[in-house]
Every structure is written in structure tokens, then in C-alpha cells.
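The ATP binding site annotation in Swiss-Prot covers 641-648, 1264-1271 and is backed by sequence analysis. The feature compositional bias 'Basic and acidic residues' is assigned by Swiss-Prot to 1461-1479. The feature domain 'ABC transmembrane type-1 1' is assigned by Swiss-Prot to 258-535. Residues or ranges marked as domain 'ABC transporter 1' in Swiss-Prot (evidence: sequence analysis): 607-835. What Swiss-Prot lists as domain 'ABC transmembrane type-1 2' is 932-1193. Taken from Swiss-Prot, the feature domain 'ABC transporter 2' covers 1230-1461. Residues or ranges marked as N-linked glycosylation site by Swiss-Prot: Asn183, Asn234, Asn345, Asn427, Asn611, Asn628, Asn793, Asn797, Asn1161, Asn1187. Positions annotated as region 'Disordered' by Swiss-Prot: 1460-1479. What Swiss-Prot records for 32-52, 142-162, 291-311, 365-382, 391-411, 469-489, 503-523, 885-905, 955-975, 1052-1072, 1135-1155, 1165-1185 (among others) is transmembrane segment.
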Amino acid sequence: MDDSPWPQCDIRVQDTFGPQVSGCYEDFDFTLLFEESILYLPPLLIAASVALLRIWQLRSTENLLKRSGLLSILKPTSTTRLSNAAIAIGFVASPIFAWLSFWEHARSLRPSTILNVYLLGTIPMDAARARTLFRMPGNSAIASIFATIVVCKVVLLVVEAMEKQRLLLDRGWAPEETAGILNRSFLWWFNPLLLSGYKQALTVDKLLAVDEDIGVEKSKDEIRRRWAQAVKQNASSLQDVLLAVYRTELWGGFLPRLCLIGVNYAQPFLVNRVVTFLGQPDTSTSRGVASGLIAAYAIVYMGIAVATAAFHHRSYRMVMMVRGGLILLIYDHTLTLNALSPSKNDSYTLITADIERIVSGLRSLHETWASLIEIALSLWLLETKIRVSAVAAAMVVLVCLLVSGALSGLLGVHQNLWLEAMQKRLNATLATIGSIKGIKATGRTNTLYETILQLRRTEIQKSLKFRELLVALVTLSYLSTTMAPTFAFGTYSILAKIRNMTPLLAAPAFSSLTIMTLLGQAVSGFVESLMGLRQAMASLERIRQYLVGKEAPEPSPNKPGVASTEGLVAWSASLDEPGLDPRVEMRRMSSLQHRFYNLGELQDGLIVLQNHTASWEKASKPVLTDINVTITRGSFVIVIGPIGSGKSTLLHSILGEVPHTTGIRTIQEVDTAFCAQTPWLTNTNVRDNILGASHFDPAWYNAVVKACALHRDFAQLPHGDRSMIGSKGILLSGGQKGRLALARALYARKALLVLDDVFAGLDPKTGQEVFTSLFGARGLLRQGKTTTVLATNSTQNLSMADYIMVLGSEGRLIEQGTPTELLNSGSSLRLEELVKTREGKSKAEPERERPEYARALRNSVLGATPVAARRRFSDMAIYKLYIRTIGWGSWWIFIVLCSGFVVALTLSRENTLALPSACAGVDLLTACLEEIWLKFWTEANARNPHDRLGYYLSLFAVWSALAITFFLGACLHLMLRMVPKAAKIFHGSLLQTVMRAPLVFFSKTDSGEISNHFSQDLELIDMELPRALIGAVIALILCISAMAVIVYSSNYLAATIPGLLGLLYLVQMFYLRTSQQLRVLELETRAPLLSHYMETIQGLVSLRAFGWSKHFKDRHHGHLKVAQQSAYLLFCAQIWLTLTLDIIVAFLAIILVSIAVTVKNSSAASIGLALVNLIAFGANMKGLVYNWTALENAMGAIARVRDFTTETPCEIQVGESHSPSPGWPQRGLIKFKSVTASYDFTSHPVLNDVTFTVQPGEKLAICGRTGCGKSSLVSSLLRLLEVRNGAIEVDGIDISTLSREDVRMSLNVLPQEPFFYHGTIRQNLDPNCLSSDEEILETLALLGLREVISKKGGLDVAMDDGFLSHGQQQLLCLARAILKKSRILILDEVTSSVDQETETLITRVLRDRLQDQTVISIAHRLNTIMDYDKVIILDKGCIVEQGNPQVLALQRSIFASLLRSGDEEPGNGHKHESEGEEE
């Protein structure tokens, strides 16, 4: 006899498909046949099939675990009386699962996903079967077996879910990689980071490791290969490449999104079932139905939580991979760009603004197709509830979708216009930061400030049309939410009254309202995802156009990789040879197998040019014409010629960098090193700059350091050669930067060395020492038999060359040969330069002064130890700062409009209560809202069908119209008034801070960090903040109102509110401490990536010449991995918060339904209202989290801007705001009175007790060895240094009392490094528009530039990189100085980069046109200052000698010694020509 406590059910009932049993168990159970055929067999068959495939896959992988005993537990089989097939299949599947468990354990990092999903899914099904069997007569034994099976499965699930980090052979795996399906579903692996961030400050080292997919380690080769194939096949669709590479991650989001659709659309059925249940009287089945409804709500809402988290997780992973892949492609292509390519600077916008738009757009990629499915489902479900009336809602949706589709097409167009304007502003800003020293020196900060502000205003103006379209699209998305219920319910009610049908009652009304809530979410999701996708596609197209740009140069002769170390050639050096160590071995490049880039025979020539013509632009006049030359191995070749003759272009031609050439260029494949005119340095320490991509060899390193005369500089550095040099080595002297770049080229030990005017900026003695150490008979390069090509403007030391090439002004080779051949042929070169012996200059006196920058920055960034940056968390102060920026009045208008929208939406959709604080007139409004409109309407219909239909319907429509009006007003006010105002103010504050920062600040702060403020931070403030702000504000108000309605509709639920608020407070406190730090880290880790990118752009030619492209790719990838890591973990933090809040909503749903179905003391309409609001609450909570996290991110950018503007020092001090009288200085009298100066008040002085006087009209020369303080003296006069003691007077006025900008604008300065604005020739020559065109053209003609400028387009042509050679740029600066009227002229080595003819021209112009001005000139070429009135000799920041140069030259003076060494001056040209400019 059966002992079952439940009523018996006949087997004939259980043998039907059902699925619901009938006639027993209170009709609340499945039939046994349904359970076996649906709940048991399909999951078993699917799991077994997938298990076999997985076993086959795992067999080909390697073992990942340590050897250990493996306990395999076979799944117990079960039998039933109804299905032998179930027994057989279960029996067969059991060993398959055991086999799979073994292979998964040994060959997989994670616990078996298949087994975990199967066990987790079938345990509830088996429990249901066990319950059914227990209720069957005479089946207690089988039921007990099934109950045992359920227990065993639970045990197996626990065992299979156990992770195996401790058993792995390699412990370096990321936590996510080893996490099981349950761990990943609930993000348990992320909890340690949250705990760590809660307890302590996070740094990059403390972040969780992420897998190689996120770091783009796995996909980098594939995406490069596929893109190369696409370009080669002229099928360069970037979208297709991304789909092919990341298809797995893309498809990975489909399943969880489909599951999310399923559980979301179970909600209307549940609402309808609960409302119907509450409207029915209690029966014998009520208890079972109530329990089933509670369980169903638990399953659905927990399913929503897990599916949402899984979907977002997969989406974010895909987005991060795409982000990393695109940045890699952009960087790779940048490495191939021509040095003068204008797009290389534009690419900065691509990796900042465009990438962010792509990330933002692709995050909602799956919403596009999912929303369409949800819209279709919603309309179908709505049709089942309100029949033909659903057509009205469908028409509203259709109109919104069609208009949205049409408008979204314009979105990409106007976004590109905005981005182009942003690109111009960023390029000008980056150029300004890069030339800040020259800009400050010339007093052009105000001019540049206004110029960039105007570019910002133009950018904001360009963005307005885009913002208007954005507002229109967002409004359309809300239009369907507000108007669809009005049209649907209105149509239903009218038709019901006309046809005398059942009126609108609670069950269909609230289930329909639930469906329309989901419909509104779907339409909003589609429109927003469409907007994001359009923006992403527009940015992808911009990136694609950049990647397919035909701007790559010809292949360089250099072989990629580091220098070969084969073929060691021993050499020795005598101790009297400067800079050489006799213990060092010189490694010469092995003779590589010959490969030719062009046809022709090399014979003995390493480089052969035949009829070679070269130009930088295809349609322009050739820079080089008909060049024929052969350069043999091991030779030292000097290339000379006047400025603009094409010397730099010839060197670039040898390197394969000139894009347009004709003739034959034959170069043997050799490893090459290159030194550009502008020394290219990276923001690392001194040693790393010298090593580059080479390995450290102490002996060779020391030999190179001595040869470049750097060892004495190292001795004065706070940390020796481990001292940081700052961005571009900003406070290094020109000579020090040049020698550092030269040392890098020497250390690389390349077979071919190409030098472009590298001795410029060196004082005669230091220059001669380095020159002899390299090219003397026992010089470093001579001993190594290195082929060297040196371009210079100087004719000094020509006798030491093996071969000389003389270029004419038209770019033709007018003379060439050995010094002897040129001497015998009657060369135009000076005779004495051709007959000097090569050994006569080996006794150069070493320079012994302490470098001025070492003294100045002993305690600065050069010696700083990197520390973790402070974390500034966004707080209420940041929000208040933003509100103050836009204005409190504007803010309250925005809040009132948002509140009006929510109140109107409340009454139109009838799903919330307005809070008294929402607006004024509280009493009246509260009285009107005491009963909710739809609840009131449906209850009235239940009492009196169709009564006062017009009243209810008209107010319904009014509230809908008001809602959309308020929303449109809020959006327009935000986007067109608040955002532009904030954009202008924050940018202006940043720019003003940079312009007012002291010069030393730029040596302590990485340029990438500064640039990050102007790109990423402003991008967040401009774009992310407004979208997040309006979304967060509205979602917050809706959440509060929805919660109020839920409590109002279910009194018992009010008891949970204190606990809910406490829980939310704990969650946000726990979450915020970590997420805020992650947000700051995410922004901070971008700075090294951007800095590295900018350094790469600046050194493109050098990178390719050295063959270091791969090394820099690897370094870039390292920075990218760190940036990806922090960004991905920030996304994971947001997913964790969404999951947590969804689980809280699930518990609320369970509590609400449990109270409703068990107590049943509320009306069906009230509970329906509460359930609809619960759905809205969940959706709005997600919207709040999504927008709030984005808002916090943007507020983090504002916090960074605030910190930057408040913590950056300002060079303007108290008491120096006075302005000089107009026309000051009128005389030009300069007095230094015991001046001691330093870069700031905390660093070591660079000038000590300097006293001298320059009378009006006198010409003063400042001389001395490199680093002696010459530039510091001039900088102190220009107020770039801080005068700690003494005073500097100009025309009797202490300049420390005057505005720094006024002082600089009143003086006339020709800086060592020419700089130009991003504007026309006219704007650069006459920025204040004080000269006529005739005066400008006359000045240009005086300097021989009028014809050059005319050929390039005249005064109104825009200047860009490579517009003029460096020497021509220096002449253009001189023209600017002539046009500027000032009594004092400051010259900083203005003749160092020009040939003798141009030097004579400059000297004559200075004498004839500026004879009445007081002149202070820094000079290395002492022959140019012999007619000066006075000369000052500096050493270690002190005046060691002063007097008339002609008098001192005849005495046994320091000046006479320098003058004699000046006759031995090496090739002195200027060092600051950009790599792509031709000389």
C-alpha cells in the first residue's frame, strides 16, 4: 500500500502530454509524460551531443594541470515506468558526461560550462519529476531514487563548479579566465577588486589581470593580416574585417540577448495572470497557483538579472576588443605615413574622439536587432489584449521609426563636421603645447589663446546641428512611449463604446500598459542604438579613410629589428683620443646578402643615385634635380649647400622617405641610424633615450657617452643617466638634446649613419671635441668603418671628409669629390677648409661646465621617483562646480522641465505619483493625484461602463502632449544652452591654465597628460555628460515616483522601504569607492598611450630609419594593454552594479507578489498598477545606473579639469600686474643688478650674481660653452625664470613689477626654435595686423623670401609642416622681428642654421635695418659678433669676462680662446628642423 501523503493520480492521467495535470493535485502539476519528454530527454540529448563535440575539441589541446588523482563521479541513471528510451539514453549519456568531466578537468582552464549548465538546468526539472513520482500510487521507491538523484546532482554541481587555480601549471591566468559559468554569471571573480578598492587606494599594479583577448594579444596578428588582405584586394571594408576577427564575441551576445527578450516578455503574462488571479474568488487551487506565481516571478526576475549581466558582459568584451584592434591599426598605419603627411596630426582625433564614439555606439549594437524583435512581439501581444486598437499604437511606432531612420542618416554627416572642427582645435592646441617655450618668449600667448578660443567657438557652433538632430531623435524615441498608450486606449475605448463591447478594465488595461511599457523601451532602445550605430559607422568611415590613405613612403633601406652583432672587428684607441675607451670592441654590421630596391649595379657603392630627382609634392617643383652620386662603404661624406638647396631632402631620399622620385636609386640593404635636425627624444630617462631599442652593453655605452661629451653632464644630474628629461627634453639646452640624439644613433651600431646638421647648437670647443671623437683618424666612426653622411651649412672641417657634395640653390649637385679633387679643380669652397689636416684638431679642450638644467632641476621631475597619482573622487563639490558653471538659474529651469516631463508622463501613462517637491502648488496637485488616472478610469468602467469617456481620454491626451513638450524643452535647454556654455568655460579655464603655467611645469608634466585634458576630458564633458545628465535626472525622478506608486498600491511593501534604502546605501558606498578609482585610472592610463602616440608622430623618420617600428609597436601594445585593462574593469564594475540592482528588484518583485497573492487585501487594479510600476522601476533603475555611471565618469573628467586648473602653478605673481606705458621701452636701456635666478623658487639657481648694463643702441653678445647659462640669462629678461635676488631694469623700470606678457610683447625675440601658428603667412608675420601688405612684401624681399612665398601661394596661404626649410623658417622669424617695432631685439643663435651667404645677409639686415635697436645676441659663431659693442662670457651661470670683443680678441682672454677654437668649429647648422622639412 502506498504511503504517499498526497492524493493519488491515475497513471492514465500521467500518461497524457498535458502539460498540466487534470483532476488531481489541485491541478497544479505537470504530467509525468510531459516531464520526461520535455524536461528530461531534450536537455539530456542536447548536453550529451555538445559534450561529445567538446571532448573532441579538448583532445587536441595540451594538459594545463599538475599531475594529481582525479575523482570522476558518474551521473547516476534513473528509470521510469513510462519510458525505456529515457533509461537507455540516460545510461548512454552518463559515461559521456564522466568522460567530458575528465577532459574538461585536465585540458580546460575553467570548470565545465556544459556540465554546470546541464546540472543547474535539470536539477529543478528532476525535482519536479521526483515530486510527481511521490504523488503517484505505489511509486515511493522510484520517487526516493529520483530524490536521491536530485541530491547527487546537487553534489555533482558543487564539485563541477569548483575552480582549479591552485592546480594550474601556470599561475599567471586572469581570474576571469579560470572562473566557471556561475562565477562569471554573477561576477564573483570581480569581488576581490571591489574589496581592494573599498579598503585602499588602487593603482595599476593592484588591478585584476585581464585575459589576452581584452589586451588584444590574441587578435592583433589576425586583424593586421585581415586588414592587409582587404586593402590588397581593394575590398577595404573595415566593418567586414571587424566582423571577421571578432565574430565569436559578436555572436556571443546573441543568446543572452534572446534570453533577455524571453524573460522580459514573460512579464506581461505574469502581470495579467496575477491581476486575473486577484480578481477571482479563492478556490481549492488558489494556494498552488499562488505558489506558482511567486516561483514564476522569482525565475523571471532572476533571469532578467543574469541575462542582462551576461548580455552586457559579452557586449563590452566585444567593444573592448574592437577598440583595441582599431587603435592598433591606426598606430600601425601611422608608422607608415610620410613625414609631411597632414593626416598624421589628424589621427590624434581618431584615437580619442572617434574611438570613444565607436565604443559608445557599439555598446548598444545588439539593441538594434533585439529592439525590432521586441517591437514586433509587443505589437503582437498588444493585439491579443486590445485587438484592432493595437494598430493605433503600431502607427505611432512606425512613424517614429521612419522619421528616426531618415534623421539618423544626417547624424553621421554633422558629426564629421563637428569632428573636423575638433581636429583643427586639437592640432592647434598640441602645436601650442609643443612650442610653448617659443610662444612665451615672443609674448604670443594671448594671441594663441584667442586663436584657440576662436577654434573652440567654431567647434561648438559646428556641434549645434548635431545636437539638434540628437534631440530630435531622442524626442522621437520618447514620443512612442508617451503617445502610444493614448492612441491605443483611446481607440479601444471609442470602439468599445460604439460596438457596445466590454470597456477598458483592470486586467487588459494593466497587461496592455505593461506591454506598452516594454514597447516604449524597445522603441527608445532602437532609436538610441540607431543613433549610436550611425555615429560609430561615421567614425569607422573616418578611420577607414585614414587607413587606406596612400601616404606610405617607399621602403627604407633599413632592415627591421636591432643591429646585427655578427662580424666583430676589434679596435683600439689611444688614451689621448677624447671619449674613447681602449677596452671597447667596435661591432661592425655584417655584410648582409645583397638586395636591391631598384635596378642597377652597386659595384663598390653602398648608395648609388643616378639621375635622381625628388619632390615632396607630386605637382610641385622638384627639390632635388638630376643627382648622380656614389657613396662607398665606410666613407665619411659631407653634404653642404645654401639654405633651401635640398640637403635634408637628399638625406631623406637616401632613407627612402621622399614620396615622389624619378631616376635610379640603388641602395644596398644595411642597418641605418638617423639624426634629424630637430632632436627626437622620448619622455623617458637619459639612458633609455640612448639605448632606444638596443640592449645595454656597459663598455660600449660608456664609449658612446664619452665620445658625445655627455659624461660630464651625467655627473651633474640628480640621478645620473637615470634622470628623466621631460617631454621633448624641454629644459635641456639645444646642444645637450642634440648630443643625446647623436649618442642614440652611435649606440645603435648601424652600418649607415645619416646625420642632419647634428652639430648645430654646440659651442665651438664641445662641437670640435665631439667631431674629432667621431671623425678623427682614431674616431669612433672611423674605427668602426661606419658609412656616414652629414648634411651641414658650415664649411668647417671639410678636410676631414672622404667625399664632399655641394648642392646649389636649385637642388642640383654643382660640385662633388674628395677634398683633394675639389682643391685641384679650383673649387669655390674656401681653400683653407680643403687643406686642413685631419689630425690637427684632436686636442679639443673638453667642456667642463655644469649643465644649467641639471642645477635647475635637481629636485624636479628629472630626479623624481614615480609615485601613484592621487585619486580625486567626484563628489557633491564637483556637481556644484558644474552647476555654478552653467548657472543656477539655468539648472533649475532644466530640473523643472525634467520634473514636468515626469509628472506629465505619470498622468499620461498613469503609472506613477508625482512627488510634492516636483513643483509648486503642492496641495492642489496632490489632491488631483491622490487617485491614479488609469486605476480610477478602469474602476469607474467596472461600475459604470463607458461613463465620461471624453473626460478621461482628453486628459489622457493632454498629459501625453505635455510630457513630450516638457521633455523636448529640457533637451533643447540642456543641449543648446547649458552644454555650449559649460564647453566654453571649461575649455577656456584649461587653456588659460596652460598659457599661464611656468616653463618648468612643462618639464614636470607629460605632454600626453596635458593633451588628455583637451581631448578625452573635454570629449566627456561635451558629449557624454549631457546625455548622461538628462538620462540620470529623469530616471531618478521616475524611480522615486515608481517606488512611491508601488508602496501606495501595496501597503505591506512599505515596511521594506527602510531596509531597501539601507541596502542601496551600502551597495553604492561599496561600489563607489572602487568605481571612482577605476574611472580615474581609466583616464590616467590613456595619458601614456597618447604620449607614446605623439612621440611616434614626432619621430616617424627616425623610427623607420633605425628599424625600430616593431619595437615601438610592442611598446605601444604595452601601453594599450594597460589602458584596455582599466577600461574593461570599469565596464565590469558597471555590470556588477547593474546585476546587483537587478537582484534587488527581483527580491522586491518576489515580496510584492508574495504579499499580493497570499494576503489579497488590495484591488486588482492597485496590484496591477504596482506590478506595472515594478517593471518600470526595474527599467528605470537600469537606466539610472547606466546614465549615472556615465555621469560619474564625466564628472570625473570635470574633477580632473578642476584639479589641473587649481593645482597647476601660475607664473603670474602678486604685484606684477602693472602695465608699462605705451611705446615702452622707448630707449632700450637694460640693467642687470646682482641677478640670481632659477626656474622656480625651489630649484637651484642657474644665474648667480649677474651684473651688467647695456646702453641704448648697444649690441651685446653672450658667449660661453654649452649649458653655461646663456639661454637662462635671456630667459630671465623675458620673465621665463624667477629672479630670486637682484633686479632687472629696462628703461629704469623693474620688470618684476610688470605683467610678464606685456614685457615679452614689448621686446623683440628671435627664438632658437622657430615656431609658427596654424594660420596664414600674413597671420604669422603680423599677428596684430599692424603692417601693410607692402611693408610685409618689402621685408620678405629684403630677406630673399618674397619669390619663395609667392610660388607657394602668397601671404594668405596656410602654413603647414614642410612649408619652408628650417633656414627659411629662421629668415621668416627675422622678417617677423623686423615688422615688429621694438627698441630691444633678442637673438638666440639666429645664424646657426644658415649658410655663410645667408649669415652675411642676416648680419647686414641687422646692421642696416635695426641699427638703432639695443641687441642682445646669443652666439656660437664668434666671427659674427666682432663688430658688437660688448661681449659677456658666462660659465656656470656667472659672468667670468666682459668687454669689447675686438679688445678682448687681442688679449690673453677667455674670449680670445673661444675665438681661436671657433676657427675649428665643426659643421654647425641648426638642429631644429622637423624630420620632413627639406633644407
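Backbone N, Cα and C atoms are what each Cβ position is placed from, and that goes for glycine too.
Could you give the neighbours, burial and distances for every feature on this list?
In three-state terms derived from DSSP, Cys1268 (ATP binding site) belongs to neither a helical nor a strand segment and is classed as coil.
Around the Cβ of Asn183 (N-linked glycosylation site), 20 further Cβ atoms fall within 10 Å across all displayed protein chains.
In three-state terms derived from DSSP, Asn234 (N-linked glycosylation site) belongs to neither a helical nor a strand segment and is classed as coil. Within the same chain, no residue at least six positions away from Asn234 (N-linked glycosylation site) has a Cβ under 8 Å of its Cβ.
Asn345 (N-linked glycosylation site) falls within a helical segment according to DSSP. Under 8 Å, Cβ to Cβ, and six or more positions away along its own chain, Asn345 (N-linked glycosylation site) finds Asn427, Leu430, Ile1097.
Reduced to three states, the DSSP call for Asn427 (N-linked glycosylation site) is helix.
Contacts of Asn611 (N-linked glycosylation site) defined by a Cβ separation under 8 A and a same-chain sequence distance of 6+ are given as Asp626, Ile627, Asn628, Thr662, Gly663, Ile664, in order along the sequence. DSSP assigns Asn611 (N-linked glycosylation site) to a strand.
When other Cβ atoms within 10 Å of the Cβ of Asn793 (N-linked glycosylation site) are tallied across all protein chains shown, the result is 29.
Neighbour count (other Cβ atoms within 10 Å of the Cβ, all protein chains): 25 for Asn797 (N-linked glycosylation site).
Annotation note: Asn1187 (N-linked glycosylation site) sits in a helical segment as assigned by DSSP.
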Go through the glycosylation sites Asn183, Asn793, Asn797, Asn1187 and tell me which ones have a CA within 10 A of the CA of Ile643 (ATP binding site).
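Close glycosylation sites: Asn793.
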Tally Cβ pairs under 8 Å between the transmembrane segment (391-411) and each listed stretch (291-311, 365-382, 469-489, 503-523, 885-905), then give the stretch with the top tally.
469-489
Just counting, how many other CB atoms are there within 10 A of the CB of Ser645 (ATP binding site)?
29
Report, as numbers and ranges, which residues of the same chain sit near the transmembrane segment (1052-1072): CB under 8 Å and 6 or more residues beyond its ends.
194, 198, 873, 1043, 1046, 1133, 1136-1137, 1140-1141, 1144, 1148, 1151-1152, 1155, 1159, 1170, 1192
Does the transmembrane segment (291-311) make contact with the transmembrane segment (885-905) through 3 or more Cβ pairs under 8 Å, each pair 6 or more apart in sequence?
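The answer is no, given that the two segments have fewer than 3 Cβ pairs within the 8 Å cut-off.
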Among 258-535, 932-1193, 1230-1461, which stretch has the highest count of C-beta pairs below 8 Å with the domain 'ABC transporter 1' (607-835)?
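Result: 1230-1461.
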Taking the Cα atoms as reference points, how far is Asn1187 (N-linked glycosylation site) from Gly641 (ATP binding site) in Å?
63
Which number gives the other C-beta atoms within 10 angstroms of the C-beta of Asn628 (N-linked glycosylation site), all protein chains shown included?
13
Just to be sure I understand the packing, how many Cβ atoms besides its own are within 10 Å of the Cβ of Cys1268 (ATP binding site)?
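Excluding its own Cβ, Cys1268 (ATP binding site) sees 26 Cβ atoms within 10 Å.
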Mind looking up the mean pLDDT for the domain 'ABC transporter 1' (607-835) in the predicted model?
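A mean pLDDT of 85 is what the model gives the domain 'ABC transporter 1' (607-835).
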Which residues of the chain, 6 or more past the ends of the transmembrane segment (885-905), have a CB below 8 A from one of its CBs?
481-482, 912, 914, 918-919, 925, 959-960, 962-963, 965-967, 969-970, 973-974, 977-978, 981-982, 985-986, 1030, 1033-1034, 1037-1038, 1041
Using DSSP with the three-state reduction, classify Ile643 (ATP binding site) as helix, strand or coil.
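It is coil.
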